[in-house]
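Here's the structure we're looking at; comments come further down.
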Amino acid sequence: MLLVEGDEKRPIRGHQRAPSGSREFKELTKRDAQVQLQHELDRLLGSAPEAHRALAQGQLDGFARLFDRFLRDEGPSVQWENIERLPENAVCDYNSLVQPSTDLARCMLEKLVVVKLNGGLGTSMGCHGPKSVIPVRSDLTFLDLTVQQIEHLNKTYKANVPLVLMNSFNTDEDTQKIIRKYKGLQVEIYTFNQSCYPRINRDSLLPVPKTCNVNENMDAWYPPGHGDFYYSFLESGLLRRFLEEGREYCFISNIDNLGATVDLNILNFLMDPSSGEPAPEFVMEVTDKTRSDVKGGTLIQYEGKLRLLEIAQVPKEHVDDFKSVKTFKFFNTNNLWMKLDAIKRVLDNNTLNMEVIVNNKSLENGLNIIQLETAVGAAMKCFDGGLGINVPRSRFLPVKKTQDLLLVMSNLYSLQHGSLVMSPERMFPTTPFIKLGDNHFAKVKEFLSRFANIPDLMELDHLTVSGDVTFGKNVSLKGTVIIIANHGDRIDIPSGSVLENKIVSGNMRILDH
């Protein structure tokens, strides 16, 4: 740059910056972001009480590693053209598995640990506290049903399968109070907390919290996804404890998946020494994709290894290919079976590598933030002998919305020792497709107020309800039923109604006299 002053020309040397599109500029920017972040993390650590400083140090170091990965990740984590066809033996058919004898089952169960991911809140369904304490059937919560399942297993096989809950700072205190009521039952319950990371201002890339006191500003912190399981499980001391007890496998699933029960056929497959093959270190339960599941993660073969592919990793121009049921037949249920000694090896060797998920959110005060997360299934590629098992749809019964709650509360299922079992009267193996309007049905309390009792869904294929709609007692829904109350209208379905392949719209009030 030249400055002309009279006839004299002299160069002015200012702060020299690399061109903004260059690699050098990007590296400088990243380095700057990292230096600033580390400075802020050190300041946060300085605010931690002495008694909690070591824990805070470990968690902030873990966050710094995740942030470093976030800065280094450029472009999609998979090259679309390098995705390989799944090998013939990559996904095993559940129907080919063998049921073990009672004695063998007992021996195998002594080597198993059940882990439930219990970090989520029920806020999206209008409930306070952990999602696991929402009543889902006969006034029993997700946690009640899980404990019943494990107790029944232990009593039936005279085994001692422990239940481990991975809580978050959001759910731990409430969960600790609740699990006291299970003390007299034949279930050993352990808990540990996943990490607590600072949310990041999207514009400045600096931490939102000003001190390490989480309770002071809970909105400024977040649990970093279930991929945090590995480090947190190790840090809790439970991994070492279970290995010393001679445990070999853990079965991990979301606590809101009511189909994720301990399956003895899968356990037998994992531990069967007669196969002559090395035991698989990581098994992912997958099930056939339907139109409800097009966004769910899927199994792919990539660089010679099985791995999980999530929609967030897919280049925009290939999203439709990813959603295709023909191209990718399976999706991940997040029911995972892992060898405990393999988890320890991967952590000891520092070979755990999971894609960073960038979750954009806005806080109530309008601040745009990002939270960096990882998914537990994404670690599959770090293990040897990864495998998929194509399980029946009945093993994937998540309750994410009230429309899922309608299914599990209905006569489609009966409750047996904490497990939901599809009624033999249902003529189709699949569950009905249900869509309830968010404005009137999203919150559990409002949802329940709209049904005098849960309708008969035994012969239902498809239900869409939108607007201000209520249901009387003993309503039966069959085939395809669509009920739409437009804005300002209300529809009351009379008690005893049978709606079969019907579209109901307009305004229909039933007045009590």
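Cβ coordinates are placed from backbone N, Cα and C, and glycine is handled just like the others.
All TrEMBL annotations are machine predictions without curation.
Among the features that TrEMBL reports, UTP binding site is placed at Lys131, Gln194, Gly225, Asp256, Lys400. Sequence-distant neighbours of Lys400 (UTP binding site): residues of the same chain at least 6 apart with a C-beta under 8 Å from its C-beta are Ser124, Asp256.
The substrate binding site annotation in TrEMBL covers His226. With a cut-off of 8 Å between CB atoms and residues at least 6 apart in sequence, the same chain places Leu117, Gly119, Met166, Gln194, Asn254, Asn334, Thr374, Ala375, Val376 near His226 (substrate binding site), listed in sequence order.
Residues or ranges marked as compositional bias 'Basic and acidic residues' by TrEMBL: 1-11.
Residues or ranges marked as region 'Disordered' by TrEMBL: 1-27.
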Number of Cβ atoms other than its own within 10 Å, given for Gln194 (UTP binding site): 27
Other C-beta atoms that fall within 10 angstroms of the C-beta of Asp256 (UTP binding site): 22
In the chain carrying Gly225 (UTP binding site), residues 6 or more apart in sequence that have Cβ under 8 angstroms from it: Ile357, Glu373, Thr374, Ala375, Val376
List of residues, in chain order, with Cβ under 8 A from that of Lys131 (UTP binding site) and at least 6 apart: Gly120, Leu121, Gly122, Met125, Phe142, Thr171, Ile255, Asp256
